[in-house]
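Enquirer: If you look up Swiss-Prot, you'll see 23-28, Ser42, 44-45, Gly71, 126-127, Asp129, 157-158 marked as GTP binding site. For Ser27, Thr45, Asp68, the entry in Swiss-Prot reads Mg(2+) binding site, with the evidence type similarity to another entry. What Swiss-Prot lists as S-geranylgeranyl cysteine is Cys216, Cys218, and the listing cites similarity to another entry. Taken from Swiss-Prot, the feature 5-glutamyl serotonin applies to Gln72. Residues annotated as phosphoserine in Swiss-Prot, with similarity to another entry given as evidence: Ser190, Ser204. Annotated cysteine methyl ester per Swiss-Prot: Cys218, in sequence order. Residues or ranges marked as motif 'Switch 1' in Swiss-Prot: 44-49. The motif 'Switch 2' annotation in Swiss-Prot covers 70-79.
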Amino acid sequence: MSQTAMSETYDFLFKFLVIGNAGTGKSCLLHQFIEKKFKDDSNHTIGVEFGSKIINVGGKYVKLQIWDTAGQERFRSVTRSYYRGAAGALLVYDITSRETYNALTNWLTDARMLASQNIVIILCGNKKDLDTDREVTFLEASRFAQENELMFLETSALTGENVEEAFVQCARKILNKIESGELDPERMGSGIQYGDAALRQLRSPRRAQAPSAQECGC
């Protein structure tokens, strides 16, 4: 198998969203996650941007297809169409902007109404590197996350702190739901698909079959 083919082999594919107000650093989070560097010339997303990456979660290779949505109200009708069938989402606010935090409820309502029924969401308080300019405390956001059954991390797209961890935690919870039977990759609109590696395993005959009479030499 070629190196390219190997790099594209994965067990599952998850559709992810990155949502939240404009200026919270959503595109920078995506760029830091995929490229491992800060995108310092980032402009506001117009409509939707896309990125993908394969990660290892507990020995399973998961390909994340990530849709970075525009935060401006005028693009809301466009970006809502991309919510359908999302398995996971990063809900992002800026810890230095109370306004972006206050908008979280609206974004959360959209995600739970328009995406898949069992969408897994992690709340990300971005721009952790600007702690001296903080307007939203860790405790306040932590309570919001707990009340709304969200995971929660503070992140920094600039330094990379907790960026990969946010995506991995979200993916791990989705995997746990698959293993428990709560999520079915074969159900339409789940935001989850089996990858090539998992399909090969599902389709391969069981190795532990009883030997035939001819083989056993009876």
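Every residue gets a Cβ built from N, Cα and C, even glycine.
Show me how these features fit into the shown structure, please.
Expert: All protein chains considered, the CB of Ser27 (GTP binding site) has 22 other CB atoms within 10 Å.
The Cβ of Ser190 (phosphoserine) has Gly85, Ala87, Ser116, Asn118, Leu183, Asp184 as same-chain neighbours under 8 Å, each 6 or more residues away in sequence.
Summarising model confidence by region, the motif 'Switch 2' (70-79) averages a pLDDT of 50.
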Enquirer: Pick from Gly23, Gly25: which of these binding-site residues has the biggest number of other Cβ atoms within 10 Å of its Cβ?
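Expert: It comes out as Gly25.
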Enquirer: Please report how many Å separate the Cα atom of Ser27 (GTP binding site) from that of Asp68 (Mg(2+) binding site), as a whole number.
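Expert: Cα to Cα, Ser27 (GTP binding site) and Asp68 (Mg(2+) binding site) are separated by 6 Å.
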Enquirer: In three-state terms from DSSP, label Leu158 (GTP binding site) for me.
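Expert: Its secondary structure by DSSP: coil.
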